[in-house]
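One structure below.
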Amino acid sequence: MTAETLKPFITPTSANDDGFPAKATSTATAQRRTRQLIPLVLGFIGLGLVVAILALTIWQTTRVSHLDKELKSLKRVVDNLQQRLGINYLDEFDEFQKEYENALIDYPKKVDGLTDEEDDDDGDGLDSIADDEDDDVSYSSVDDVGADYEDYTDMLNKLNNAHTGTTPTSETTAEGEGETDSASSASNDDNVFDDFTSYNAHKKKQERKSRSIADVRNEEQNIQGNHTELQEKSSNEATSKESPAPLHHRRRMHSRHRHLLVRKGESLLSARSEDSRPAAHFHLSSRRRHQGSMGYHGDMYIGNDNERNSYQGHFQTRDGVLTVTNTGLYYVYAQICYNNSHDQNGFIVFQGDTPFLQCLNTVPTNMPHKVHTCHTSGLIHLERNERIHLKDIHNDRNAVLREGNNRSYFGIFKV
């Protein structure tokens, strides 16, 4: 047999078993590719997670820094508001409230706890003001008073001697002797003027001292009597001498500019002179419900008129209403110290039934009790028998009202 005859009976090896070797090769290749793709996919997923976490961290850091800046700006705004409202020391205010809360609320009629030393310090303020007006020099020695009066007596004696020397005592006096006498009298007058100048210097020192009202009035009467004597003597010598004229002028200007000082401890009202202007000052000690006109229904404040005799004949007071007996221009002032939890407090000064002055305070804080004062004042022309009274804007507002306190008061004096 030849090859050609055997060719139909021979089949290729790849065609046996339905192509099994080719299928196995493709499956292995696919598995190999799948195994290679799994790490790549996992790597991409991990990289994405890292990028997301990094982005989230950056965003969170930026957000925190922005919030920190906003917090700092808010703190600055709060600090500025505290400075404007004057509440930088809230802790100290809280301590003050804890210390005086019971005294201000539970015992409203208890006398204010001011010691005698504090009262003396208040009186010292008047003396210090008077001393400052006189070049800030204080003279408190009583011996200088006696020395000043001795100098004044010596000056009067010299004036009498000078007047006697200028009066002719003998009809036989020659003209030459007359010229000698006139020259000597002129020299004496010069000495008298120097002595009077030194007396004025001592007198200014004496005016700086604190004296009682009775001593000042007695001294003023003595000076007026001496002033009359000096005026008569200077008028007799005016035609021949030049020194008495300026002496009389200095004396008149000195008496014109005299002013009275108040001794420590005396009331301003009791220390006034006879020609002083009427004045009255009240410490607000109580209140009562009052229904007024014009829609004002607040409580009326009543003052403690312990100085009744000081303004008798000028003012009349009854149930918190002050009546003026003399027509004129008056200065009215008032202050109330509030201690409550309200944000707004205030009062009105009425002229009759018409509001004249108004005071309103706003304290927007979170403190349980807010202690603050409200003060107002002004000028007003009042006719005879016109009335002035003080009334709160609201009802039942807790205020510091006690006998002898210096926080709530009301006053008036004639200008």
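Positions of Cβ are set from backbone N, Cα and C atoms, glycine also.
These come from Swiss-Prot:
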- 1-37: topological domain 'Cytoplasmic' (TOPO_DOM)
- 38-58: transmembrane segment (TRANSMEM)
- 111-143: region 'Disordered' (REGION)
- 159-256: region 'Disordered' (REGION)
- 164-173: compositional bias 'Low complexity' (COMPBIAS)
- 181-196: compositional bias 'Low complexity' (COMPBIAS)
- 203-233: coiled coil (COILED)
- 209-220: compositional bias 'Basic and acidic residues' (COMPBIAS)
- Asn226: N-linked glycosylation site (CARBOHYD)
- 247-256: compositional bias 'Basic residues' (COMPBIAS)
- 278-415: domain 'THD' (DOMAIN)
- Asn339: N-linked glycosylation site (CARBOHYD)
- Asn406: N-linked glycosylation site (CARBOHYD)
Rounded Cα separation (Å) that holds between Asn339 (N-linked glycosylation site) and Asn406 (N-linked glycosylation site): 15
Tertiary contacts of the transmembrane segment (38-58) (same chain, 6+ residues out, Cβ under 8 Å): none
Where Asn406 (N-linked glycosylation site) sits in the secondary structure, as DSSP reduces it to three classes: coil
The domain 'THD' (278-415): DSSP-derived helix, strand, coil residue counts: 4 helix, 79 strand, 55 coil
Model confidence over the coiled coil (203-233) (mean pLDDT, whole number): 62
